[in-house]
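Asker: Feature list, courtesy of TrEMBL:
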TRANSMEM  B:25-50  transmembrane segment
TRANSMEM  B:62-80  transmembrane segment
TRANSMEM  B:100-119  transmembrane segment
TRANSMEM  B:131-151  transmembrane segment
TRANSMEM  B:171-189  transmembrane segment
TRANSMEM  B:201-228  transmembrane segment
TRANSMEM  B:258-283  transmembrane segment
TRANSMEM  B:290-311  transmembrane segment
TRANSMEM  B:331-349  transmembrane segment
Amino acid sequence: MSLEEQQPDDDPAELEAAVSRGDELAELLGDLVIGREEHMNAPGLVVRPDEVQEALFKLRDEAGFDHLSCLTAQEYEDRYESIYHLTSFDDRTDEVSVVVPTSKDNPVSQSAEPVYRTADWHEREAYDLVGIQYEGHPDLRRILLPETWQGHPLGLDYDQERPQIATLREHANPLEKDQRAEQGNTMYVNIGPHHPATHGVLHVETVVDGEQVVDLNPDIGYLHRCEEQMCQQGTYRHQIMPYPDRWDYISAGLLNEWAYARAAEDLADIDVPEYAQIIRTLGAELCRIASHMIALGTFALDVYGDFTAIFMYAMRDREIVQNILEDLTGQRMMFNYFRLGGVVWDLPEPREEFFEKIRDFLDGLPEALEEYHDMITSNEILQARTVGTGVLPPEVAKSYGATGPVARGSGIDYDLRRDDSYGYYDELDWDVVVEDGCDNFSRLLVRMREVEESAKIIQQCVDLLEDWPEDERNIQSNVPRTLKPDEDTEIYRAVEGAKGELGIYIRADGTDKPARFKIRSPCFSNLQTLPEMSEGEYIPDMIASLGSLDIVLGEVDR
Amino acid sequence: MYLQTTTLSETISGLLGLDGVIGDVVGGLVGAFLVANIMLIMTAFAGPWAKRKITAAFGDRIAVNRIGPFGLLTIVTDAVRLLSKELIVPEGVDRPAWDIAPMVIPFSALLGFAVIPMGNGIQLADPETGLAFAFAVASIASLGIVMTGYASNNKFSLIGALRAVAANIAYEIPLVITAASVVIFTGSLRMSEIVAVQAEPLVSVAGITIPTWFAFVNPFAFALFMVANLAEIGRNPFDIPEAPTEIVAGYQTEYSSAYFVLIYLGEFIHIFLGGALAATLFLGGPAGPFLPGFVWFVIKIWAFFLFTQWARSAVPRLRVDQFLDIGWKGMLVLSFANLVLTAIIVGVIA
């Protein structure tokens, strides 16, 4: 892990730039830096566990790192380690990793929550799964696992065979809280985990005063499936790729697969042929349209009530996209279409028919969107319901690490497809959609306009693919059968998923399986903003805000 | 002229050759049985079948089509399914209020039909205070809803019930005031007279005589009445008491099996009662060309039903505070303005 041992296979110029940026930042922090590391994506600065806040405040205020993208916690043979992956909303390629080692016998580290509010949940997760304690954290409880869980599953000495025994008495408690003593004349309502509008198994512990939300606490983890652990037990080359489809399973599969593909390809220095990149871009944007259609439909469902026409219209149009994706990948939900170094197979034959199908869809799309605008955005009741409700100011959104349509609906001009370009996006002509209303309506509008932008991208991809010479259709580069990236190479890479920044951190240990596989889920960070948006508002607005966040519990809980 | 001379119960007792108290009782019971069954049959069509078909049509779907022609036998299977389900009684419910409520809700709405003239001599009773009676009994449903909400021992139910009461107070007043503007025209609360007045010709255009339906005479009042009516029966944009995505199912959250059916039945009969009142007050009751009066009456209340389902499919729901704002600051003011203006105009002309 030290600088001497590490020989990352990266572009030398880029590496040099990273090193010099590292020097610059190390100079800024001065004595706070007790060591240096080199991650493939960013310089790493090692900081003492009791000086975390000081270092992060400096980096945030003086070096412009206003985005705590992710927090990775892991256990080594001799220490625990928390890595704060910092970057900036204005310049996504400017990254730094703040590495905080803590000793084995006393794994206590200072909390970053006062600096970045998003650290609240991220540190709870680190505590829950790895076992690092964060001093000064406002509410260090388990987040994904039940309160009664014994041990920390991603720790090295965790015994997976040991049964977890939790008595009913211990479980019965959370649903029967009596709030009268502490909250006065209020009522405690459990919204979820079984509720028509929570979009899955989300449990929102709500305290209401009449109909107004006084206090609200999203309780997650009902859909935790140990995705990180499963990925750590799979081989890079073949066994990990099916898992991303199961994170954001609302038809955003290819976008998720790209997150893993990007991280692993950079880690193992694999090139992707241009032709495959175009196919990937095409598929990913189709997924984005399908995902945004669902977001639109379910948001309408939340605001309209059941049995609405607009939900069915959105499903109808999404169905066309699903059929195209089925033609492309052979699957409707769990695509498993990307491979390291490309995609699994070429476009379906006959190609003309496939292109025709996409073109038909794109031709019909403006009309469909017009219909949505007629029924949703220009409806006065809907405007009365959504304009000015669920307000998320840009500074708050940044502090919570909100990304994707949620950030762009708060006027933050941040899109990884442009700011940290990958695939074929930088060759194409499209725009990042930003609305600065900061409310539920803006988030809705962002999604609707992003569908148009995605259509533009797809159009260009189809044109390119159609004219691609037949003998240059290389869908996959040569990738070794077994991938064994060098020991102690670490990388954090993100892509723009349907819901926001979907990042993957991988640490290699010289074997064909990752030593640590960390998923940065955009929904996880976005959902954190819900209390900020809803407190003081009415229950219906809280439901609308939740809908406008467009969370998928599969991705929140992983 | 549709002015009733005899009510349905009198006709029946006459046919049976009974008179006196026995005649009144038998005629009344048999008549009530018939009228209630007409409404229940219509509800059976509306609930499991028509509602599905209509919302499906709005959403580009097909809906039930497997059992029977056009899926009509779904009504039978649904009835069997709903009634054979277990009646789950949650812990801590307040009985017998919890059991009585599902009966109060549908029967209050059914009572309202006692005074509605349905054409072809189908009117159970024709008291002088017919209109006031219909509104009065329809409002008993609120009592049932409060009972469900309070007795269910469920917070969502309680919120739903409170919302329902708030909605009822806010919209019942505009509804009744608007109806009162019709009474100014007719000078009577008697339903048969309200219908009779509307049969007179308003204008004749190219040989077609347009009757004085109050929807034509005072379209503003008609619009107000329809909006208040939507709120009264709790359909979008005013389905606040149920609001499935916010408070699960509102006051009916804890009800299952036969009780659920009864509450649902109550909702649909309420919609039909709303339609029947709109038809009687503003659309000439059972009047219409060519077809028998009763057929026209059924067409009119089904049109109203269609209207409610259309609103449900296409219009977003208001937030509860916006809903009350519109009720108290908008509808109430407008309905009083309508009443005063109507009174002045009628006073000047008459």
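Each residue, glycine too, has its Cβ placed from N, Cα and C.
Map these features onto the structure and tell me what's around them.
Answerer: Among residues of the same chain six or more beyond the transmembrane segment (B:258-283), those with a C-beta under 8 A of the stretch's C-beta atoms are 39-40, 42-43, 46-47, 82-83, 87, 99, 101-103, 105-110, 112-113, 116-118, 131, 134, 138, 141, 144, 148, 179, 182, 191, 194-195, 213-215, 221-222, 225-226, 229, 232-235, 252, 297, 300-305, 308.
Sequence-distant neighbours of the transmembrane segment (B:331-349) (same chain, 6+ residues past either end, Cβ-Cβ under 8 Å): 170-171, 173-175, 177-178, 180-181, 184-185, 218, 220-221, 224, 227-228, 231.
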Asker: What same-chain residues lie close to the transmembrane segment (B:290-311): Cβ under 8 Å, and 6 or more beyond its ends?
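Answerer: 2, 42, 46, 50-51, 54-55, 58, 118-120, 122, 226, 229-230, 233, 235-237, 271-272, 274-276, 278-279, 283.
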Asker: Where else in the chain does the transmembrane segment (B:62-80) make close Cβ contacts, counting only residues six or more beyond its ends and a cut-off under 8 Å?
Answerer: 44-45, 47-49, 52-53, 55-56
Asker: Cβ pairs under 8 Å with the transmembrane segment (B:100-119): which stretch of B:25-50, B:171-189, B:201-228 has the most?
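Answerer: The stretch with the most contacts is B:25-50.
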Asker: Quick test of the contact rule: Cβ under 8 Å, at least six residues beyond the ends. What residues does that give for the transmembrane segment (B:171-189)?
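Answerer: For the transmembrane segment (B:171-189), the far contacts come to 128-132, 135, 139, 197, 214, 217-218, 221, 224-225, 228-229, 231-232, 238, 277, 281-282, 327, 331-332, 334-336, 338-339, 342-343, 346.
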Asker: Under 8 Å between C-beta atoms and at least six residues away from its ends: which parts of the chain pack against the transmembrane segment (B:25-50)?
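Answerer: Sequence-distant neighbours of the transmembrane segment (B:25-50): 7-14, 16, 18, 64, 71-72, 74-75, 78-79, 110, 113-114, 118, 122, 124-125, 264-265, 268-269, 271-272, 298, 301-302, 305.
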